[in-house]
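Residues or ranges marked as domain 'HTH marR-type' by TrEMBL: 15-148. What TrEMBL lists as region 'Disordered' is 154-191. What TrEMBL records for 156-191 is compositional bias 'Low complexity'.
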Amino acid sequence: MTALTDAPATQHRATDDVLSALSSLIRASRSIARQRQAQLGASGTPLAILKVLATQPDEDRPGDLALATGVAPSVVSRALSRLEEDGLVVRHKDEVDARACHITLTAEGSDQLATISDQYVALLDDALTDLTDDDVERLPGLLRTLEQALRRAGERAAAPRHAPLAPSLAEAHPTYPAPATASATTTHREP
């Protein structure tokens, strides 16, 4: 028997279809994001940092930003240096701990984020024209529910229950810290 045939039966018959649709959605989203980033010159990590600072003001230390964005602290550090050089964020020393700092979004950073967000919203609005109004109204709730279910499943996940992956497959997905907060709890527009 192979690892695939040893897998437990799915609870829902449509689970494979959901996984396939979700994979396609992620690929399409990444493709669009790459195109938009090329057009706007916006990079994913700096943009994610600006979004966290705008929507989760308590997540303002570099380590917090690394957890919230799911990238390595060194990547956040480099991105913060560039954002600060561009005047999009400002670093402030922590009054209690001289080793720590807090990051604040500047007015220019907020404006840049709003511009990019507006362009993504317009793109998504255009993409949603083929859906019924009822489908569009249900979609945010369904996506939030799916996100929360995936987060809970990830938290419950035990050791892999399959044969070890081939090295070429295992190396394709480096492990980074999981985002500390669920984006479903925020009420901002996603770029």
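All positions are counted from 1 along the displayed chain.
Even glycines carry a Cβ here, placed using N, Cα and C.
In the predicted structure, the domain 'HTH marR-type' (15-148) carries a mean pLDDT of 89. DSSP states for the domain 'HTH marR-type' (15-148), grouped as helix (H, G, I), strand (E, B) and coil, give 99 helix, 10 strand, 25 coil.
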